[in-house]
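Novice: If you scroll down you'll find the structure; I have some questions about it.
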């Protein structure tokens, strides 16, 4: 037993809105999930533990070779990352030294060019690295108590996998931007990133495409409103110009009373002339249209721009203007709260990000406004999707120029969330209008689509066939004038004196014309039947005369009985 959940029609809009909101909320939750996961997988403690396992202990190093001519002192080169693991005080020294240099030089480019980095080298040279006594080194200085150890750890610089950097990393992964400012270093982090991207990239791109469709519809509505407003302004201008021309052509000013009388008289004469020239009811309608007072005409003129969809050129121009304004406005906003970006750098960052180039030379640093930055990037990616869609349509046109349409019947048409092939759609449409199956089987769909495109371009007026004369079903009585011979000059009635059995031996079908004599003739015929018992009785009940679907002028039963009697 199948259970189906039916949403009431009045709540359909709510379900559609819920789908859009759910997609956006899903991307947000997925981004936070990825950020927290990467922050845990790439935590400094786990990375240090892994690096310590990979590095060989100093005590396990072999003793120096006792070869003549070699120095007694052996030097081993450590990387900065290895020194930071062996002695966390290196970062403390570097941070303090760099801040001092910034303060002394005041960020002057010339001073930076001639900067002496001896102080920085001293931090590495004075690193407290445990070296065996056999190599001439000194043992590592131990921390006296836990409080001093806590102070050293708290004074270390901010970790690269902070919550802000983790969110930016997760968002740039699923949007395929990929700044590259941070990257996973552990096996677990890299493995998680693969599965995270496999699921998140399609889901996020689907959400961005859905948002792009919403923005496309919104942009089309704006274009339609702009076109309607322009049409309205043109009509106002034409109306004002027409009134100005009329005022210039009028005679000298007359009193208001005389002017109204002349106007009313002219209007009445026009109405009378129009009514005499046309059938009743037709003149009024035409006159109203001529006077420009047809309200339906106004509504059609106003609704006409709504029915015409914006052309691709208009969409392209509008999208280009919108995208440019969006870049400039975003650059102005980002330059306010991003410390490393001025207006041009913010504009450069927006372009590189929204086009998914993602060089990573500039990364958002203001984590307090990170939500605004991510929303801006998401809407910008939707605008980029719109541009890609328009460009794809243009490329399709260029690709199929000069090619003949093939396999039109298998083209898929989408109706909301359901799809149907063109062939099935035409078949169901033919069944709806009772078109014979032979015609549907012989229907050339490619030619039909080709002609329909020509109609849209204006090359063909219409695909409608010329109308055939309609079959008229007569609702009035069937008259003898429709069946009599051309040589017969007049109709013959039962009560007519010209009708004689001697001169007209043949039995004629007594058909009575639609005249005022019909009822009298029937009554006379009934009286004749009563006088002559040999003639069967003609039923003149009101039920027979009123309940027939179409009025008739003779009794078929009587005619059949009367004819058989004459033949005998």
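Count begins at 1; order follows the chain as displayed.
Each residue, glycine too, has its Cβ placed from N, Cα and C.
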Novice: Under Swiss-Prot, the annotation intramembrane segment belongs to which of these stretches: 259-279, 280-300, 343-363?
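Specialist: Checking Swiss-Prot against the ranges 259-279, 280-300, 343-363, the intramembrane segment one is 343-363.
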Novice: Of 183-202, 203-222, 223-242, 243-262, which span is tagged region 'Disordered' by Swiss-Prot?
Specialist: 243-262
Novice: Name the residue range among 86-106, 107-127, 128-148, 317-337 that Swiss-Prot annotates as transmembrane segment.
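Specialist: My reading of Swiss-Prot: the transmembrane segment range is 317-337.
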Novice: Could you give the residue numbers and ranges of same-chain residues that sit at least 6 residues beyond the intramembrane segment (163-183) on either side and whose C-beta is under 8 angstroms from one of its C-beta atoms?
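Specialist: Beyond its ends, the intramembrane segment (163-183) has Cβ neighbours at 27, 30-36, 38-39, 42, 193, 196-197, 200-201, 203-205, 208, 353, 356-360, 363-364, 367, 370, 374, 377-378, 381.
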Novice: Should anything in the same chain at least six residues away from the transmembrane segment (16-36) have a Cβ under 8 Å from its Cβ atoms, list it; otherwise answer none.
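Specialist: The answer is 163, 166-167, 169-171, 173-174, 196, 200, 203-204, 206-207, 210-211, 214, 374, 378.
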Novice: Residues of the same chain, at least six outside the transmembrane segment (191-211), with any C-beta under 8 angstroms of its C-beta?
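Specialist: Distant Cβ neighbours of the transmembrane segment (191-211) are 20, 23-24, 26-27, 30, 34, 37-38, 41, 170, 173-176, 184, 378-379, 381-382, 385.
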